[in-house]
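Working notes for the structure below.
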Amino acid sequence: MVLAQGLLSMALLALCWERSLAGAEETIPLQTLRCYNDYTSHITCRWADTQDAQRLVNVTLIRRVNEDLLEPVSCDLSDDMPWSACPHPRCVPRRCVIPCQSFVVTDVDYFSFQPDRPLGTRLTVTLTQHVQPPEPRDLQISTDQDHFLLTWSVALGSPQSHWLSPGDLEFEVVYKRLQDSWEDAAILLSNTSQATLGPEHLMPSSTYVARVRTRLAPGSRLSGRPSKWSPEVCWDSQPGDEAQPQNLECFFDGAAVLSCSWEVRKEVASSVSFGLFYKPSPDAGEEECSPVLREGLGSLHTRHHCQIPVPDPATHGQYIVSVQPRRAEKHIKSSVNIQMAPPSLNVTKDGDSYSLRWETMKMRYEHIDHTFEIQYRKDTATWKDSKTETLQNAHSMALPALEPSTRYWARVRVRTSRTGYNGIWSEWSEARSWDTESVLPMWVLALIVIFLTIAVLLALRFCGIYGYRLRRKWEEKIPNPSKSHLFQNGSAELWPPGSMSAFTSGSPPHQGPWGSRFPELEGVFPVGFGDSEVSPLTIEDPKHVCDPPSGPDTTPAASDLPTEQPPSPQPGPPAASHTPEKQASSFDFNGPYLGPPHSRSLPDILGQPEPPQEGGSQKSPPPGSLEYLCLPAGGQVQLVPLAQAMGPGQAVEVERRPSQGAAGSPSLESGGGPAPPALGPRVGGQDQKDSPVAIPMSSGDTEDPGVASGYVSSADLVFTPNSGASSVSLVPSLGLPSDQTPSLCPGLASGPPGAPGPVKSGFEGYVELPPIEGRSPRSPRNNPVPPEAKSPVLNPGERPADVSPTSPQPEGLLVLQQVGDYCFLPGLGPGPLSLRSKPSSPGPGPEIKNLDQAFQVKKPPGQAVPQVPVIQLFKALKQQDYLSLPPWEVNKPGEVC
């Protein structure tokens, strides 16, 4: 219970104590002092002082190991304080390095600060002369009309009351206005515990402040100082060394306590800690008073208070009191204050990832464990936002997947982590940076794939279109009967030779040069040329047509067509009747082209020499086949319409047949009704390669089979100028009347030499024969009977005269040579084969010179005539739209068939 009352009294005393006293605190150098060692070679200490304190006094760091002597430490100015924060805004950091070769777990280092010069003061105190009476309390003021009464009380019942009596005390009253200072305040003395302030003391309409204190009366045997004022007061002393403690005062309370106080400048007190040291007698040992309390005195000084106990005032009546800097120490153990050197950091790349590797300074004690802290961040981030990893006793770390095309920074630090050894983190290593490789993001790859896919699709589309166009152009360049412009009368249905009654009875089946038979040609059926097809080619001997057949077929198979025919014939004497004839090609004129039958795909139109037959008999022509075209015996033949040549009835029947010719490929008109074909003997006197074959022409019957013709081209045709020949046309001799010569090969019509033939602007199924000099017979368009041949007719048994290969106007028939599915004009030797072109303007006009005349080139003797390309030849054909044979001479009628 007594203890509780005592604690309550102390609490109330603390609350009622108006003075603000702070306990003794550490100075700023001691507060900021931090020391760490590497436990190998040195100790590093960091502390700070204030700029204001350095202007008055400098302090030095002192080190003491265990109980050894004090050793000053040299320190340098530093830029920062990484280990602690300075409580003052104007701190001056310092860094000290203390070499040390020995570190023991039991060693303890003591650090303190000492001023650069001696600082202190001394005082001798006599108790009777240093008496301070108690201060007044219960100060009250009351109003009495225009006066004010100030009252207070003093407690004299204490143990020292026998020293003091009311007669030894007096009271000093000080009052002032609120805005005035206490130095300017008025003073009133009173020997009682009250004082009266009247109007003469106070100013109207002002606020005053008063305070009272107790002091010894002048007649008292005691001396000392008055008690404290109710409120505290501050004043300045004379100037001097501002770093020295000032106004040291000690007062004995007359019982057992000697209270001492002193003042120190605030700037000095922040750096140097002063303590109160006293001696009860001069021979006694010096002791330090504690605790020391501080009190603020305005903005310049700080007052320190300390109470010295006086156990026996009678025995020890004189105390020696001094104020001097205290030696404050701080305990720092080396084994728990280790800071290692910063590691050295390197960045390495391992394939697609990155790794951090570091090395630390080797310590003397290898059993101490290490803990590493690694930080890495992007270049745009700060270290506070970085990623931190902590590893134990490791010297490398593999980084996770990093962002591409990004700069990264990394750093590392280390600290000890073994039991009994502790410290702080080392300084951060030097930050290392590196740039990651660039990688295309997924959305870019997706866009690239999309664009590539679109580009490939577009490329395939355009390539397909371009390839289709190239294919179309290539197909257009390929010769095709459907594209020919040789004839302009549309399609025509012609009757194959097999439908002719003259050859259907008493004749063996059609047999080709290879022994193949075509029984399908025995029937009679119409042929429509809707689609251009290659006409079949049958290699036949013209003599088989003109002579009666006898004996078996001994014609050998012809070899394949050579790619090029010699341009000149081989002249020779006429052969006997039993000599094997030259094998020739038989063609069907069943459309706007001359083509061979399908008996062979690549025939040799000139064939191979036929072995002699027994008894001189020859094979009869196959039924329904006309091997070559027989022309009149000479002279110029006028253009005869097909309908007129075949008769009105036949023409009507032909017109009723459906036209299947391709656009741009007109064919000859055909008359209806069968008629005996006009056949002529083959031309003799030529070798196998230069012997022309006859062109078969027949009037179709509804039952005759027809085959589409092939292209006409020539790789070996040689053109020579023929200025004297007039424009002629090849006219089919179809449907000749019965009053013509019964011979299988009609003769050539003769005429006067030099008579030019008429030039026709349009042709509707005509074949014009070459003119004979001096004659130019014509047949009116309305005359259905063609002109009669005037020249003698060759019999099948007669041998024609040889054709001179050097004749300027050789005579012969236009034959075709099949290569694959196309027909070409074979070479006719050195003789000219003139193709004349129609004039570009419609209507009759002068003839256009042949190609050799268009290109006037002088040819030296013995030099081969240059060959005209096939395309140029067919361009000439397309300009004229009909084939022109060279003129025949009258004196060589036997060379017609």
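Backbone N, Cα and C define each Cβ position, glycine as well.
For the residues Asn191, Asn489, the entry in Swiss-Prot flags N-linked glycosylation site at a single position: Asn191. Per Swiss-Prot, the cysteine from Cys91, Cys96, Cys100 that shares a disulfide bond with Cys75 is Cys96.
Which of Cys16, Cys35 pairs with Cys45 is settled by Swiss-Prot: its disulfide partner is Cys35.
The motif 'WSXWS motif' (425-429): residue composition by secondary structure is 0 helix, 0 strand, 5 coil, according to DSSP. For the domain 'Fibronectin type-III 2' (339-436), residue counts in helix, strand and coil come to 3 helix, 47 strand, 48 coil, using DSSP.
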